[in-house]
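Encoded as structure tokens, the structure appears first; notes follow it.
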Ligand SMILES: NC(=O)c1ccc[n+]([C@@H]2O[C@H](COP(=O)([O-])OP(=O)(O)OC[C@H]3O[C@@H](n4cnc5c(N)ncnc54)[C@H](O)[C@@H]3O)[C@@H](O)[C@H]2O)c1
Ligand SMILES: O=C(O)C[C@H](O)C(=O)O
């Protein structure tokens, strides 16, 4: 009876790991640690609210052989702590600009959750003045020390920080559009959770693409394509859409001045990095939504489903059929997304 219960809990567990009844973890569709290639992952901002749990989750991932934790301060402690976990990767902590080169050298994937988070009443764009400069300097270091790494950008406003990164890399002559990703996985995670609650289906079975960008109305969940199908009424789809768009604000308000989503973001960041690792390792048919250089719309960057491969983006997938409500949402988001992209490009080129 207890075993049966355990099995059912295990079956419903996260989409990052398949837990075995023996309580050991293996990454779905991945490799065992013995057969997986060597892969170095660097986290920039690793001592922060997202950085620390993300470091923990990446330490649990058997596809990682080296984990470099970089921040302006505090990383030796985080690295010492995480390094005692008995999993494959070797962990090193790096603090301060003089150590960023060592942190980045040889990295296959660089995850960036560095920068300030929102407080109640702020928009993500209110973070631009501080985070744009941080992202610019970190990307300058990436172009110098690991120009071929995949970059997973978490720092907000993602709609602007990804274009900033692209311009920095272009100036350095290292830009490869297949290797730059804005992490929008948290929007997908939220859309899946909220949809499963309303549709009364097993959350582990749910798929919902989320397209556009990562701020307010630029976040466009495509519930018409959600599976399993539930035929929810229009008013419920509208409410689910709004809740997904306001998911970040819901957390910012609940944290009441103590920051924004960190734990759910670490989970989402770990899912996305895991997908990138699988793509690099040649696992077929790895698809996640991400904010990438795109020709899906007239905008130069756009989030949609992306197939990941040995060189990063293998294919940017189209939007698929949209409901009238989603078509309206798509047109409504374009002006804001366009202006956030242009703001990032302008910043990178004038400073
Ligand atoms: N993409 C998303 O879905 C998503 C979700 C949640 C949060 N975020 C964003 O992630 C960022 C980080 O959020 P948090 O809650 O972890 O913030 P935090 O303040 O807890 O941590 C940020 C860390 O970045 C470090 N940092 C600052 N400047 C740095 C630099 N130049 N080099 C290296 N590290 C530096 C800080 O020292 C700190 O440890 C914010 O911009 C937030 O808005 C994005
Ligand atoms: O909302 C925020 O400021 C953080 C993040 O972008 C989120 O969606 O939780």
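Placed from the backbone N, Cα and C atoms, the Cβ positions cover glycine too.
For the NAD(+) site that TrEMBL gives as 45, 46, 47, 48, 49, 50, 51, 131, 154, 155, 156, 265, the extra residue drawn from 71, 176, 246, 285 is 71.
Here the candidates are the recorded positions 118, 190, 214. The one whose C-alpha lies nearest to that of residue 47 (NAD(+) binding site) is 118. Shown are the binding-site residues 131, 155; the one with the most C-beta atoms within 10 angstroms of its own C-beta is 155. Within the set of binding-site residues 45, 49, 51, 124, 131, 124 have a CB atom less than 6 Å from some atom of ligand 2. Using a 10 Å Cα-Cα cut-off from residue 156 (substrate binding site), the recorded positions that qualify among 45, 49, 51, 131, 214, 265 are 131, 214. Within 10 Å of the C-beta atom of residue 190 (substrate binding site) sit 26 other C-beta atoms, taking all shown protein chains into account.
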